[in-house]
Amino acid sequence: LSAEDSLDALKKLQPSTCSVLRDGKLVDDAPASELVPGDVINLVVGDKVPADARVVELKTTTLSADEGSLTGESKTVAKTAETVEGQVPIQGKRNMVFSGTMITNGRAKAIVTSTGMTTEIGRIQKGVTEAKQDAEKTPLGQKLDEFGDQLSGIIGGICVAVWLISAPKFWAPVFGSPIRGALYYAKIAVALGVAAIPEGLPAVITLCLSLGTRRMAKRNVIVRKLPSVETLGCTSVICTDKTGTLTTNQMTAVSLIHLADNLDPKHMESALTEHPVPGVSYDPRGSVEGVDLAELTKQKGLLDLAACASLCNDARLVLRDDGGFDRVGEPTEAALKVLAEKLGAPGVEKPDSPEKACDNANAFWSSRYEKLATLEFNRDRKSMSVLVRPTDGGPNRLFVKGAPEMLLERCKYVRLPGGRTMLMTPEIKASITEKFQEMARRPLRCLATAVKEGVNMGKLGRWEGSESEADVPDMLKDPTKFANVESDLVFTGLIGIKDPARPEVADAIASCKKAGIRVIMITGDSKDTAVAISRDIGIFGQFEDITGKAFVGGDFFELSEEDQKATLKEGNIVFCRTEPRDKQRLVKMLNDLGEVAAMTGDGVNDAPALQQSAIGVAMGITGTEVAKEAADMVLADDNFATIVNAVEEGRCIYNNMQSFICFLISCNIGEIATIFIATLLGLPEPLTPLHLLWVNLVTDGPPATALGFNPPDPDAMSQKPRGRDSPIMTKWLLTRYCVTGTYVGLATVGAFLNWYVRHGVFVSELTHWGQCSTWEDFTVGAVPAAVAGAVAADPCAIFGAAARRHAQSCALATLVTMEMLKAASAISVDNSLLRVPTWKNPWLMLGIAVPSALHLGVSYLPSLGGIFGLTPLTKEDWASVLMFAAPVLIVEEILKAIGRRVKAKESEEGA
């Protein structure tokens with residue numbers, strides 16, 4: 001169903017009409033479905049591209065498209081009509097526009113190259129369909145199927161075996177005929193089957209998964225497919241995007257560099273001063289380290305840098321309803337707006353109000369200067385500028401920002417913070433060049449700022465602006481002359497910008513490492529950027545050799561198949577400049593290696609990989625509808641740390657399911673042992689089928705359900721993920737619960753025998769009770785008043801149904817008490833009650849109290865007691881019950897201690 005929903009969402013991305021050339025004329029509302037390769041289409045701002053097409057002519061200076069849905073990257077892509085050489089990924093196809101993407105700037109003419117399923121988005125549709133065909137059951141589903149088959153076979157075998165073992169007793173005199181004897185033991189075999197089948201298991205599993213979805217929702221994880229809740233618990237690899245998941249997706253200025261006021265061209269060692277800029281978001285509050293707002297008035301060079309950051313800019317900051325900050329406009333320009341606010345403005349106090357913080361210093365610069373013209377960015381000169389006029393009079397100025405390697409060549413002067421202007425010497429240029437190259441290696445996106453003023457402005461220094469196109473100077477209309485306008489500049493500084501890592505991600509990565517979960521970053525960014533972020537957050541160590549761990553483009557797939565598998569089996573990995581289809585190929589390979597991979601994604605291009613992975617995780621904020629429909633769960637906050645929290649919750653849910661499954665099965669093993677031991681010893685039935693059904697449905701159900709609320713084990717995230725093939729009931733757990741179940745059976749039978757022994761019947765007589773009518777001089781001791789008359793008339797009546805119900809009441813009370821004690825112990829599979837006490841789960845306390853009260857009700861209320869064949873217990877009876885039931889806690893604690901040692905040994909062997 002999710003694959004069909006994803007395909008429906010993909011269809012919504014396709015425009016229904018387009019502008020196409022027909023018979024030499026432009027038809028604006030032509031059906032997009034009728035396009036064929038070779039058609040000429042017209043594209044303008046706001047159009048959805050109707051097919052994959054080659055740009056052949058730009059009708060404006062620039063053309064940009066938002067390809068985030070295909071590439072996963074948030075930056076718009078500048079397009080060109082020039083030829084692109086060689087094999088390049090989608091990000092590098094600058095002369096192509098793709099179906100379903102949006103034109104964000106400019107106008108162009110293009111020739112259709114692909115339509116329908118042959119387009120890039122069509123290939124994604126095909127990938128979603130193929131991934132759906134490869135889908136398989138979750139690890140839990142597979143193991144429950146196996147477990148159910150095994151349980152059915154075992155139960156059937158035991159029932160038949162018990163009936164056959166009892167065959168010699170069919171001829172006992174008490175039955176009157178072999179047929180009646182056979183029917184009696186057939187009833188016991190049926191009781192055994194009732195005891196063995198955990199009737200409440202399906203309902204409890206569904207309820208536990210549902211509770212897990214509720215808890216996950218509180219941790220910002222919205223579950224779309226119920227079984228995926230448990231699958232998270234065995235996640236061994238997390239394949240994650242970088243932008244917005246590991247990082248904030250909020251470009252942030254983190255470094256400000258200017259020339260030193262005491263600059264000496266002969267000693268360039270300390271020519272530049274760098275100021276760290278705290279912050280990881282669009283929050284404009286804060287300051288720049290080392291910059292004193294009170295002294296800013298005296299620092300003309302810094303003021304020019306601040307003015308450039310604020311004015312050479314079309315973005316603006318806004319306050320969201322939730323109190324956070326966001327941008328309107330390009331991310332890089334928003335980062336400059338934030339920097340301008342952190343630098344502050346001369347004579348303007350920083351506000352306390354978040355609303356005013358969005359536009360405090362920026363409002364100051366807007367009031368000081370009037371924009372006359374904007375020289376838009378283009379790829380040739382890699383810069384943009386604004387021509388401004390001071391509102392208090394004076395000549396016009398030109399503020400410029402751009403790529404340092406290009407802008408520096410057009411700078412003739414440098415400005416020191418104090419305002420002194422000097423010639424740009426080769427030594428100063430070399431020092432600045434070395435600095436921005438070093439910044440690029442961190443890596444930071446580096447921008448240079450500059451200003452042009454005074455006599456160098458020429459005619460533009462006196463131009464007053466005009467709304468009439470005819471009055472605008474030619475140099476402001478012709479993009480080929482923009483570089484000449486942006487010449488003879490005064491260099492004012494460098495700004496380092498990056499999409500910073502989320503503050504909580506480093507701890508989340510450390511938790512993954514501790515939990516044995518590997519992290520694979522898959523990004524469209526450059527290798528330097530990806531590796532730097534990886535080192536920042538702990539995917540790689542600061543000085544770790546990344547040879548064979550970081551791959552660009554298709555380099556990984558050029559390796560031999562053996563090398564690819566060997567690489568994917570160990571350690572954290574980074575893939576850069578990846579194609580959309582690469583994600584799906586990686587997920588398939590991880591699945592083949594037996595890994596349980598969680599894959600994050602937000603774009604249309606991620607849908608096949610999300611569908612293919614064991615757990616597809618879509619982004620709730622930036623994710624497309626296509627990605628969300630293909631995913632198993634959605635992150636409400638797009639945060640990697642939330643995935644790790646979800647994994648912890650998944651492990652907790654699995655542990656809880658294992659707790660209640662093992663609890664139910666161990667209870668059933670105890671019931672089986674009771675019937676089996678009684679049959680082997682030749683005793684009267686200690687429990688009736690109705691008693692066993694009561695235990696399974698009423699007294700076992702509520703505690704098992706309450707175990708679904710167990711808190712996470714303290715060591716849940718310090719253990720390696722369980723394997724895809726790991727059984728729910730391991731060999732050790734089966735052994736453990738067979739031991740516990742055997743004790744439960746012995747104790748229940750012991751309580752049954754003890755009642756008879758206390759009333760004068762020897763064990764040897766009980767084991768041959770069917771021969772009672774042939775015994776001579778058989779007598780019994782004091783018996784309950786309700787059966788005294790019958791026993792006095794016939795001592796063998798003590799084995800009859802009326803007297804037996806007293807012994808069965810003791811046996812059933814012992815069994816119920818032990819199961820309540822075992823439920824209290826089951827709050828953790830391996831941890832001692834001293835470390836994880838029962839009251840850590842209040843629901844479990846209630847789940848024990850309610851069945852206990854119900855059982856007391858059916859024991860002590862005559863109307864109910866008659867239905868269930870029970871009688872009230874005396875003080876002696878309760879003493880007997882506690883004597884046999886209480887030791888089960890000691891048995892459980894001993895077995896837990898052994899279990900911890902077994903698990904520790906397995907971990908050491910695995911390491």
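Cβ coordinates come from backbone N, Cα and C, glycine included.
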Correct range for transmembrane segment (source TrEMBL, candidates 660-683, 804-827) = 660-683
Query = From 633-653, 843-863, which range did TrEMBL mark with transmembrane segment?
reply = 843-863
Query = Mind checking which residues reach the transmembrane segment (843-863)? Cβ under 8 Å, same chain, six or more beyond either end.
reply = 694, 698-707, 709-710, 809, 812-813, 816, 820, 823-824, 827, 870-873
Key: Averaged pLDDT, computed only over the residues in the domain 'P-type ATPase A' (12-127)   = 83
Query = What are the helix, strand and coil residue counts for the domain 'P-type ATPase A' (12-127) according to DSSP?
reply = 22 helix, 45 strand, 49 coil
